[in-house]
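**Q** One structure follows; several queries about it will come next.
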């Protein structure tokens, strides 16, 4: 599926991009939770349009003239606004859309999801990872990301479920049903968002569509893709492929294989690993001894270690700078970058420019709603996505799974264990892949159009930690070309 194109075009892109020098910010910062939805009034104009004129007016209304602090020389268009996902309209998801730098009628549409569940794709995906801008240390100004994925595609980021980021419900405590219905209702709302967004942007109907993301998007993406295929006889969406980085696909299998990564990177001793394997084994669980050894393996609680990239520094000072830091290189890590994004998106002039927070929500924008995560039912978190992946591949949907090789949250050892359970035949053996002469990682192809790749030196957020390799990986996938096998 997808058209073959000459890799030399991509090689030229990466050669020119490699000359760019920008600041690179990296880490995973947690924010307190909030409860969303109480006492809000919804604007029902965001829901179904009744005429082409209304569709056009809604689209024009969403056009972002210019983001505050945006650098000069930006030619691509940006949009932001709300799309209702139920009828009567009470649940509204916020989106941020950036057109491709060099758009054409064949340029694909790509949806991006972050995980959580309960984390913002606008905050993380658009402004920290693969969007066209990143936020300076002053929390007010932006700088270009030369490796933005809108070099190759039209990029659509939206925040869901309701109560995440700027998304909300006008029905009090509506968010509570997401704790009960969780994955199912989220998938339904995500589907209705896409259908209604395409009504507002009808020029993208019939385009090749790809769905990408990371982490708990390992649930969001397969479930949305499944609904799209099941309902394509009603509303056709030209889904060509899905790609998921460091994905949560089968929590139980992943949990059994995380400690191999922890041991191999020197985070625990061989003695402790052997003791853990002995007393915490599911079949021979020791109720007295396992709780004693368990804390040594709960590295996510170590405030001195970034579990999302074990080699990245942690943020020690959350204070914004009065002036932007001087430019360094895009590969340099700023562990406090999430604080800059939070300050930027909570600015009133930014919200006004992005057509966000139009109802004046009674809480500030946060990167993650941890309360929503806490009430998400365990049965959904534990559910395996492997059967859905098999169904999607059976319908001809191409699948790319990739892992940053220094992520301890969902390490490559866990993902490879899940892929092993799929019992797929390897068609192209394990081999290195390259970007601009540098080793990008390793890859393997399976039957039925599934590719797995590791990304050297990256943590949980591959487009953040290794933006050049990430763009190479993404471009190869949507062009349906092999990853370069030679330097």
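Glycine too: its Cβ is placed from the backbone N, Cα and C atoms.
Annotation comment: Swiss-Prot describes 215, 407, 460 as active site, evidence class sequence analysis. Marked as disulfide bond by Swiss-Prot on the basis of similarity to another entry: 119-368, 280-290, 315-336. Feature annotation from Swiss-Prot assigns N-linked glycosylation site to 233, 317, 357, 423, 449. The feature signal peptide is assigned by Swiss-Prot to 1-20.
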**Q** Have a look at the active-site residues 215, 407, 460 and say which one has the shortest Cα distance to residue 423 (N-linked glycosylation site).
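**A** Nearest by Cα distance to residue 423 (N-linked glycosylation site): 215.
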**Q** Could you tally the C-beta atoms, other than its own, that fall within 10 angstroms of the C-beta of residue 280 (disulfide bond)?
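**A** So the Cβ neighbour count for residue 280 (disulfide bond) comes to 17.
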**Q** Quick check on the recorded positions 215, 317: which one has the highest count of other Cβ atoms within 10 Å of its Cβ?
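**A** By the 10 Å Cβ neighbour count, 215 comes out on top.
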**Q** Express the distance between the Cα positions of residue 233 (N-linked glycosylation site) and residue 449 (N-linked glycosylation site) as a whole number of Å.
**A** 24
**Q** Tally every other Cβ atom lying within 10 Å of the Cβ atom of residue 368 (disulfide bond).
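**A** Here the count is 26.
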**Q** Quick one: what's DSSP say for residue 357 (N-linked glycosylation site), helix, strand or coil?
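**A** The three-state answer is coil.
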**Q** If you count Cβ atoms within 10 Å of each one, which of the disulfide-bonded residues 315, 336 comes out on top?
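**A** Top count of Cβ atoms within 10 Å goes to 336.
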**Q** Could you tell me the C-alpha distance between residue 280 (disulfide bond) and residue 407 (active site) in angstrom, no decimals?
**A** 23
